[in-house]
Amino acid sequence: MVVSEGAISNIMGGMENTAGVRLHSHRHKLKQRFDIIRKLGQGTYGKVQLAINKDTGQEVAIKTIKKAKIETEQDLVRIRREIQIMSSVQHPQIIHIYEVFENREKMVLVMEYAAGGELYDYLSERKVLSIDEARRVFRQVASAVYYCHKHKICHRDLKLENILL
């Protein structure tokens, strides 16, 4: 089933803002507030870029979701759920969304930046971890999973590429 244009025109419409995440129409000029440094990755719906907040100097990840790429109602529901969950969780090992901007063509998520990259890439480069390092990573992942399960959240796609350092 293809999603109607009306259904995706306002992805955030009707969603609760439970964790102080600022929701903006796209009138706020991103380019005036953030310097884009480089592309971090590309996904099904858009891209993720490293940026610096001009006011604070804080590094952030900016994820752009192109609404035209959302094809099914299931995709729309999943995106809404992901944004709502990431906006509401408060755990040191879970990426947090700071702000959400939206216009007719896209949605932009300003998120915490994980400078260490993906665990997959980290392991590919090093091949072997020390026991202490493996324990540290495992404890952090286990802590985040425990937190999610305690709050009735199931990740559903836990893999090395989705664990950021």
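Just so it is clear, glycine is given a Cβ too, placed from its N, Cα and C backbone atoms.
What TrEMBL records for Asp157 is active site, proton acceptor. Under DSSP, Asp157 (active site, proton acceptor) is assigned to coil, being neither helix nor strand in the three-state scheme.
Taken from TrEMBL, the feature ATP binding site applies to Lys63, Lys67, Glu112, Tyr113, Ala114, Glu161, Asn162.
The SUMO2 cross-link annotation in TrEMBL covers Lys159. Here Lys159 (SUMO2 cross-link) comes close to Tyr120: these same-chain residues lie at least six apart in sequence, with C-beta atoms under 8 angstroms from its C-beta.
According to TrEMBL, the domain 'Protein kinase' annotation covers 34-165.
Of the residues the record lists as binding ATP, namely Lys63, Lys67, Glu112, Tyr113, Ala114, Glu161, Asn162, the two whose Cα atoms sit farthest apart are 25 Å from each other.
In three-state terms derived from DSSP, Glu112 (ATP binding site) belongs to an extended strand segment. Residue counts of the domain 'Protein kinase' (34-165) by helix, strand and coil are 50 helix, 40 strand, 42 coil (DSSP-based). A sphere of 10 angstroms centred on the C-beta of Lys63 (ATP binding site) encloses 23 other C-beta atoms. Neighbour density for Asn162 (ATP binding site): within 10 A of its CB lie 11 other CB atoms from the protein chains shown. Each of the recorded positions Glu112, Ala114, Asp157, Glu161 was scored by other CB atoms within 10 A of its CB, and the lowest score goes to Asp157.
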